[in-house]
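Features as listed in Swiss-Prot:
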- Asp172: active site, proton acceptor (ACT_SITE)
- Ala79, Tyr80, Leu81: ATP binding site (BINDING)
Amino acid sequence: MDPLALLRKAGLEAEGPALPLHGGDISRVWRVGRFVVKTAQDPPPGLFRAEARGLQALAERGVRVPRVHWVGEEGLVLAYLEPGPEDWEGLARTLAALHRRREGSYLAEPGFLGTFPLPGREGGEWTAFFYERCVLPLLEATWDRLQGLGPKVEALYQRPLPAEGPAPLHGDLWHGNVYFAREGPALLDPSFFVGERGVDLAMMRLFGGFPRRFWEVYGELYPVPEEVERALPRYQVYYLLAHVHFFGQGYLGALWRAISAS
């Protein structure tokens, strides 16, 4: 949908032209004055509502995110955050505080990783929760493209994953979903659920982009136990299956390396 038409549907007044912004592989994104408008070509039902719920969940837990002005099946209208200087130490403080929070139980509403639908799930033992809610749907979707790696992926989760306690997660925390606003570090495009912080740490490590100073400050504020470090490749398998699904078999090498390191 045209961004100006979406603003009209939302009952919001455009304050200037629609200027394209980088929107990644899923959405088309524009700045229109004080608003950011996101749309997508034939989005799966519930995509933008899930994003809005995730932003609200992070905001309720003290994370800076763009305010949601309107959400519908066609798109999402957010507040535009003025850019500011990089503040990796501030980001480390934000994420350490988020990951230190303890929730009542593991919990995921039906949602998405990118545009891939994920089921809801609540409670239970962590390894089963993570495997059945996150890994298994992607494993089933990519099985025929894994060149025999499927059984090796299954075997990874027959050993328990370490459990520090249920914590709120961004859920898709690569460096492109970090935004340094004038007011301080902000997070974008969450795939929010309550799980173990190793999931976020694994995605941050997978594609890099987080400098040494970030990791130093995060580690000072919330040290990462050795058993969590050792589990990161098993969490990375989740994201690499998603990359095989979206982008093809070029990611099988990285998937094999994560399996081998597990």
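Each residue, glycine too, has its Cβ placed from N, Cα and C.
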With the ATP site defined by Ala79, Tyr80, Leu81, which remaining residues of that chain have Cβ atoms positioned within 8 Å of the Cβ centroid?
Arg34, Phe35, Val36, Pro66, Arg67, Leu78, Glu82, Ala181
Where's the emptiest Cβ shell within 10 Å among the binding-site residues Ala79, Leu81?
Ala79
Rounded distance in angstrom between the Cα atoms of Ala79 (ATP binding site) and Asp172 (active site, proton acceptor):
21
Pick out which of the recorded positions Tyr80, Asp172 has the most other Cβ atoms within 10 Å of its own Cβ.
Asp172
Between the Cα atoms of Leu81 (ATP binding site) and Asp172 (active site, proton acceptor), what distance do you get, rounded to the nearest Å?
20
